[in-house]
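The domain 'ABC transmembrane type-1' annotation in TrEMBL covers 334-617, 992-1271. What TrEMBL records for 649-871, 1309-1543 is domain 'ABC transporter'. The region 'Disordered' annotation in TrEMBL covers 928-953. TrEMBL lists 39-58, 78-96, 111-128, 135-154, 186-208, 324-342, 373-395, 449-468, 474-492, 560-579, 1117-1145, 1215-1237 with the feature transmembrane segment.
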Amino acid sequence: MAEDTSSPMDRFCGSTFWNATQTWWTNDPDFTPCFEQTALVWTPCAFYWVFVIFDFYYLKASLDRNIPWNKLNVTKALVNLGLLVITALDLIMALIKKGGDSELPLYDLDVWGPIIKFATFLLVFIFIPLNRKYGVQTTGCQFIFWFLLTVLSIPRCRTEVRLESERQKILDSQQPSEQDFSWEEYQFVSFFIFFTFTSIMLILNCFADGLPRQTKYQRGENEIPELSASFLSRITYQWFDKMALKGYRNPLEEKDLWDLRPQDSCSEVMPIFAHHWNQNVRKNYKNKARVEPKAQFSNGNVTFENPHGEKNGRKKGMASIMPPIYKSFGGVFLFGALMKLFTDTLTFAQPQVLSLIISFVEAKEAEPEWKGIMYSVLLFVLAAAQTFILGQYFHRMFIVGLRIRTALINAIYRKALRISNSTKKESTVGEIVNLMAVDAQRFMELTTYLNMIWSAPLQIGLALYFLWQQLGPSVLAGLAVMIILIPVNGVIASRIKTYQIRQMKYKDERVKLMNEVLSGIKVLKLYAWEPSFEKQVLDIRDKEIATLRSTAYLNAGTSFLWSCAPFLVSLVTFATYVLTSEANQLSVEKVLVSINLFDLMKLPLTILPMLSVDIAETQVSVNRINKFLNSEELDPNSVLHDSSKPHPMSIENGEFSWGDEITLRNINIEVKKSSLVALVGTVGSGKSSVVQAFLGEMEKLAGVVNTVGKLAYVPQQAWIQNATVRDNILFGQTYDRKRYNKVIDACALRADIDILSAGDLTEIGEKGINLSGGQKQRISLARAVYSDADLYLLDDPLSAVDAHVGKHIFEEVIGPKGILARKSRVLVTHGVTFLPQVDSIYVLKMGEISESGTFDQLVKNKGAFADFIIQHLQEGNEEEEELNQIKRQISSTGDVPELLGTVEKAIKLARTESLSDSISVTSADSLMGGGGSLRRRAKRQDSHDSVASAASLKKKQEVEGKLIETEKSQTGGVEFAVYKHYIKSVGIFLSVATLVLNFVFQAFQIGSNLWLTKWANDEKVANDTGLRDMYLGVYGAFGFGQGFTSFFSDLAPALGSLHAARVLHSMLLENVLRAPMTMFDTTPVGRILSRFSKDVESVDQKMPQVINDCIWCAYEVLATIVVISLSTPIFLAVIVPIAFLYYFAQRFYVATSRQLMRLESVSRSPIYSHFSETVTGASTIRAYNVGDRFIEESDAKVDKNQVCKYPSVIANRWLAIRLEMVGNLIILFASLFAVLGGQTNPGLVGLSVSYALQVTQTLNWLVRMSSDIETNIVSVERIKEYGETKQEAPWELEQDKNKPKNWPQEGRVEFQNFQVRYREGLDLVLRGVSFNIQGGEKVGIVGRTGAGKSSLTLALFRIIEAAGGRISIDGVDIASMGLHMLRSRLTIIPQDPVLFSGSLRINLDPFEIKTDDEIWKALELSHLKSFVKSLAAGLNHEISEGGENLSVGQRQLVCLARALLRKTKVLVLDEATAAVDLETDDLIQKTIRTEFKECTVLTIAHRLNTILDSDKVIVLDKGQITEFASPTELLDNPKSAFYSMAKDANLV
């Protein structure tokens, strides 16, 4: 070899660097020794030096420290030392053996080779103790470095072994050799020691180091294995196997989940985000005076600065959340972007390799076999690299998304605790919760795709570049088609969007109507109105289905475009190519590579328009969040805490507003230490506002507010958390049993707690749903008393409790002898009774203090206070004894005759209006919120009814354990019956059509590709244009066949699912409306509603989509297998094991992922409900100053949601990596068999490989879709379950038709030994009742709570069916007729007036069978005529949900009007518990006496004076009749129960 070779590398080595004949054009390829010792060693070294920066970053970012020395890291260090020694030795030996005197020349390589290696190993060696010190357990760069080094040293092994054997031959050939082989021998030995060591290092780097000793966060039992997983385990997600296995064996539960990674928890994410947010806020201020330290994390508090700023700081504009998001999370995002760039490049390397494979098969004889194998392996390696990198990319993006969501949720939460009232008025609680639920969530969903903004154009650009190389300018024709299709798609998409909005509107209407129907179901049943409402719901449903049907056609249109698009593009391109010039001929390679590239372009082209819409939507979200985070906050300095002031609470010359006009002016109040100050005044005079002013909730315009000490606050509307009773009272303080019991007794809660099923550990529903108004108020008071504060602000705490409880509370808690006697207290009150015992009184009028002083002073003044008392007494709210007390107090002040007169009147009123009882057995609702709409009723009966009803409820609960059945959360799979049910609902024809059409579609697609390769292989086409046009024409025909079948294969399942959705919904509706009343008693409305909203929606919209995709993917995979097997039949042998692998991955995944999704959705709602709770109770939280605790709770809930969310993200990656590797194996085998097998047709080979390249994604999708089907079919299962509930008796019977139109003619009602119970397994409520009522008699029914009065009426209407005995009307047994026949011939005026939203007319006559005159007549008789006449719309006046826009009295009168319209022979009057005001009551009584003179009237009485004039009285006790006679007869007998009742009511 001559010394003067030109290449510098040759000179560097002293031998040839690259020899193509030796390496490429040969059957036995090998590299030159120079190449092996330079390029193959330096590549890994260069890689490590470039990427070592990541290792430094991981050191810096690590949260842990100090890994102990262990076998692994000691071995690493020793082996590394060995490598350092051997490379140093190489250098020394080279210097000794070569150069200088020896005849062997010393080349640069001999010196520089070892030096480069030594430097690299030294760098690696330094990292061993560093990683140990900083707690880094595994590093990717080192693993990849050792991996590359080992793999790239393999060629040199082969070379060295060959040279060694040649040397042996020379030595063995006996000829005395002159040559000295000592240097070569040394190199041989040194290299193999080096190779052994690198292999050992590679193996050692497969494992992670031990656990660090010091960690920033406590590492629990349940630590996530990822933290201590090795690099290899991380990229293959092998650490997730344990959970996948566990989830496969039995359904996962919350305790099986791992703890959150510390770096994803709120406590790590928040300080970073807050720091950048605060910086951003400060930038927005021109005056940069305040320099504040970095957001520190002191005892868990992150402070966010208020962008609204002090009043003086001039503001430059809104602070946006975007810059802080970039700064906080941009790093990870950029790293992800880098990975994405890398995979995009790899994607386009695949078609290049494909073309190499095709040309290899074309030149089969000429080329050596090893090249084909190399191409196949190369294809596999490319695909595998892409799989691993994409896996990491998506993982990274998800993490960024999760962190952004965490940051936003927390920022919004912290802000919500501080917004001012004017801000709060601008948005409802629902809107604020949506910021968190919708807008923050949207970010998370976008981050994964955000990189497509640059990646999609890049992919399109690359594809065009490679296509240009294949086909030249004709590509532009294809591109033009693509660009034209985008706006067409856009138009369709916007149409679909309008339809979606319309469909949402109908859905909301339907659900709202259903909600009313379910809430008022009892009334519907009593009136027999179900058919009318069923029809209304179905009408809306039909509109909804029509909209969905239009959407289905449009979707099919889109699918038609998409299946035609790639095809049209390739058709146009190929046509342009062959028609533009005779010289342009299609070759197999051109055709297949182009088709492959067109396919690659398809995805980015689809995504771009979607992405732009998403980004626009996210922009809207950003603006909404910005607006909220920039909104005005409460001024923390509006209330001073200056202890030098003489009194603990004072306001001097205060002026306050609620953000618009001034509400309070000239306020001067002083509260002396340990005194009790009352604020009184008429409704709306500003009493509560004064309390809010003390709390700093109002905007202070002038004056000084001062409070010194710890505050406690009882709001007017009690704010109750969704927690146990005890937690509500303790409110974050420690439990001190003695003090707690004292508080409970003082606040009169003992009785209530005893009734609750689990005592004070009973969970209270959201917003205190299962407590009455009075109980809520008392718990709220107990919370204040327990907090043991210095200052108490009590905003009318006695309004919702009745008189004797109020008295008890005043004496035990608030008054001069109560628990709070030593505290300073401000009491807002409406009651006059307690005013004499107050230290001073402030009277408010129109937002000003009109007078103040003690009770006696004010009575003497005869000013506003005297008016207040007079007005108050006229309302008649007080009990008799209290009035007497006031009378004494007033008369003692002397000379106020007009006041005394009023008091006397009030005393008389109180006597007449006494009550015997307040609640019926069935109305368990009174426990469920029978609080407050009517103040009088609430005051009087509250604690009374809550105790009574709770007692009756408790009885029931003890019998059946629990009133409300808990909902079953589905676990495990869904049985086949459900699928069968669904397919039956779809219809056999459409089900089969779907399968056939998809089959035909795939056939067309394969056909068109096979035809192309046939065309490309045909030699004759070059000279025959006719033949060419024939090929082109058939190709076009294939394509349109594809488009056509694709349209119908998309439409068939969509229409089928719609048909199913319709069938399922009407079945569900029909069965729910026909369910007996007991079902509604035991099932919460919300649960039934979610069937009608969530489940129906998933059957409407998700099922068609998912089924369609699933079938499509399945056929796509089948097609791939068919094509590959056509080309290389041996492939079928590999399919079986691959299918097994695939099946296992899928089973494991589906089981685990499904359960994780359920857990995630369960853990997500508490975040939002806790948030909406916080927003409603913000003022209470601020008053008690427990904001930090609530922030911590919110953080904990967010973290808990992440705990469920993170594994489900990983499960996706775990599956993707496994399935894609299965796909990559398919690629490997397809290409290997193609290359090695005897297949000589390059078209088929290329086709099978290009099909294989696409199968990876399809396989992935197939699993996703099949698991989605399982998730969504659950909805069908739940609907089916409700569709099979027990039904009540039939509505109509044949024999009803023979009954006369005006049956019952006489109205004779007879009970014979009648028994009834509410549900199976409960006690009898009526035990053998017998009585007989003649037609036209008026009968009153009385009895204490729980005596069975209401059960009697319910039995008469067959709402509850007889357990024995019978009831007959006019001699006909009512059990023998249809329910509607019976119910429509009886009339009831129910206890609580239920109205439905809709016109007044619908409410009176839902079947629209009465004439206008009849309706007006009824309105006139029920004294509503003038009111309805005054309404603009008259009879068409819209009534809002629940009749909110009418007063309670008017609602009662509407019910009366309904009764008058019906006018049947039997009328049941269930008297309203809380008398509407006395006037309405008199009107109703009067009308009934005149209009229903001829009818039989049964009155369930609560006030005895209403039934004293009836013909007979039935006295019930414990479900039996004790007395049945005329009232006069009973009153004459002092021993009768009726007499004692009358005595209690002061009637005798």
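Every residue gets a Cβ built from N, Cα and C, even glycine.
Keep in mind that TrEMBL annotations are predicted by a computer and have not been checked by a curator.
Listed as Cβ neighbours of the transmembrane segment (560-579) (distance under 8 Å, sequence separation of 6 or more from its ends, same chain) are residues 467, 471-472, 474-475, 477-482, 485, 488-489, 492, 585-586, 591, 594-595, 598-599, 602, 605-606, 1001, 1008, 1012, 1028, 1032, 1035-1036, 1039-1040, 1042-1044, 1046-1047, 1050.
Tallying C-beta pairs under 8 angstroms between the transmembrane segment (78-96) and each of 111-128, 324-342, 1215-1237 places 111-128 first. Note: the stretches the transmembrane segment (449-468) and the transmembrane segment (474-492) are in contact (3+ CB pairs below 8 A, sequence gap of 6 or more). Count of Cβ pairs under 8 Å against the transmembrane segment (135-154): among 39-58, 186-208, 474-492, 1117-1145, 1215-1237, the largest is for 39-58. With pairs at least 6 apart in sequence, the transmembrane segment (111-128) and the transmembrane segment (373-395) have fewer than 3 Cβ pairs within the 8 Å limit; the two do not touch.
Each of 649-871, 992-1271, 1309-1543 was scored by its Cβ pairs under 8 Å to the domain 'ABC transmembrane type-1' (334-617), and the highest score goes to 992-1271.
Below 8 A, the CB atoms of the transmembrane segment (111-128) and the transmembrane segment (39-58) form 3+ pairs separated by six or more positions in the chain. For the transmembrane segment (39-58), the residues of the chain that approach it from at least six positions outside its boundaries are 31, 113, 116-117, 120, 123-124, 127, 131, 136, 139-142, 144-145, 148-149, 152-153, 155-156, judged by C-beta separation under 8 angstroms. Across all of the domain 'ABC transporter' (649-871), the predicted model scores a mean pLDDT of 87.
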